[in-house]
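Student: One structure, as structure tokens, below. Some questions next.
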């Protein structure tokens with residue numbers, strides 16, 4: 001039984017480990033030039049060196065900071081705009097079509113303009129991340145509020161809820177599943193935007209690490225940077241899932257089997 | 001139960017007076033000249049074909065819609081001043097899925113209401129489920145929670161909009177008895193809208209039949225409680241109401257008026 005369980009646990013890792021082994025073998029045997037792809041062991045070595053020198057932490061910190069600030073600004077604005085358009089007819093009339101028009105501009109296409117506006121320092125990157133995260137959160141907040149069952153709102157009003165009480169007890173929790181979908185989309189856009197922004201112009205951060213390494217043909221560091229981005233993306237996704245598990249405990253889809261219908 | 005029980009004597013039902021009530025939706029007159037007096041504490045059932053306006057009457061009484069003309073009075077004052085004393089139970093339970101059952105019962109209350117909420121849940125027999133999510137309840141249990149949510153406000157007028165319509169036969173009878181017992185205990189005025197004539201005569205003091213926006217029949221049910229289900233006299237009363245309902249032509253010129261729900265408008269074009 002327990003052996004079977006361990007096999008079940010390990011089975012999904014079998015293919016990745018096999019691929020890594022083949023990759024390692026291919027490089028060691030000289031079938032694959034290290035200029036194209038370094039051996040996995042070389043990537044790990046590069047990682048260890050960077051950790052030892054402490055360099056990796058400064059880059060991680062600065063990238064994380066850019067991502068976090070940009071996400072907070074963009075997400076905050078998106079949430080606020082979503083609330084305004086979702087809650088008020090006039091807000092919707094005034095704002096929604098404008099926001100939808102801007103949304104259709106690919107934000108990465110603005111990079112030349114953003115560089116002209118803000119130069120190549122932090123502001124430009126944070127601006128781009130904020131722009132990238134704003135729209136998914138806006139759209140899903142708006143959509144979430146619009147899709148709240150009007151019967152529940154009517155019931156709550158007849159039980160004396162109005163204004164902020166109605167918002168806190170009915171509208172916000174009702175829109176929460178949709179808002180959290182927006183958050184997960186936004187987190188994806190956050191890293192994507194940051195990668196592009198840091199690759200184009202930066203003097204620190206993971207993107208800088210990769211571009212700098214490219215100039216010196218250090219493919220191991222380039223691959224390491226890619227792996228770091230992947231890990232950060234995964235961590236952000238885990239955080240979003242955790243948030244969903246906490247905020248949507250009531251949702252049948254998130255209930256543990258024992259807590260469900262009996 | 002002490003909190004719910006204690007003010008029962010003080011809490012008399014609201015006497016209800018409806019004068020020349022009219023309600024039109026666009027060009028369609030749903031209610032035409034309804035005149036009605038309901039003494040405090042009476043249990044009234046309102047029956048009628050679907051679309052006859054019985055639910056509209058209830059929504060007007062609950063303040064969810066405004067009458068086109070006419071007056072709604074509670075005793076000497078306007079019914080809209082007694083909003084706090086009026087509670088409506090909907091056809092669906094309408095529990096907030098993101099609130100635990102006890103929090104659904106305490107919706108809209110402030111201060112220390114948890115004890116009262118537990119008592120209200122106890123009164124409907126669901127105290128032990130207080131900390132579960134509504135998704136874990138069956139349809140009948142959800143309606144019982146909705147009843148507890150209405151009762152915790154100690155209403156003097158309880159409006160029931162076919163709350164038992166979606167329940168299976170046995171659960172319905174259970175719920176009818178529960179509502180009847182709570183009504184006897186608290187003495188509030190009850191208006192129960194239902195399409196089930198046998199339910200109406202079994203539970204109510206008085207059965208109102210609404211047809212084409214008017215009160216077509218006003219029948220007192222002078223039978224002692226508890227009433228034996230399936231008794232001859234209940235059956236006779238039921239037949240009387242049903243005969244009246246069916247005596248009108250089945251297809252009025254305006255076929256099955258439907259309320260303009262947004263979804264229907266979307267499909268209409």
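Cβ atoms are placed via backbone N, Cα and C, with glycine included.
All annotation found in TrEMBL is predicted automatically rather than curated by experts.
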Student: Between A:221-240, A:241-260, which stretch does TrEMBL give the note transmembrane segment?
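Tutor: Transmembrane segment, as annotated by TrEMBL, spans A:221-240.
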Student: Count, for each of A:126-145, A:166-183, A:189-209, the Cβ pairs lying under 8 Å from the transmembrane segment (A:67-90), and report the range with the highest count.
Tutor: A:126-145
Student: So if I exclude everything within five residues of the ends of the transmembrane segment (A:102-120), which remaining residues of that chain have a CB under 8 angstroms from its CBs? That is, six or more out.
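Tutor: Those are 127-128, 131-132, 135, 138-139, 193, 196-197, 200-202, in sequence order.
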Student: Any residues 6+ beyond the ends of the transmembrane segment (A:166-183) with a Cβ under 8 Å from its own?
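Tutor: Distal contacts: 75, 78-79, 82, 86-87, 136-141, 143-145, 147-149, 152-153, 156-157, 240, 243-244, 247-248, 250-251.
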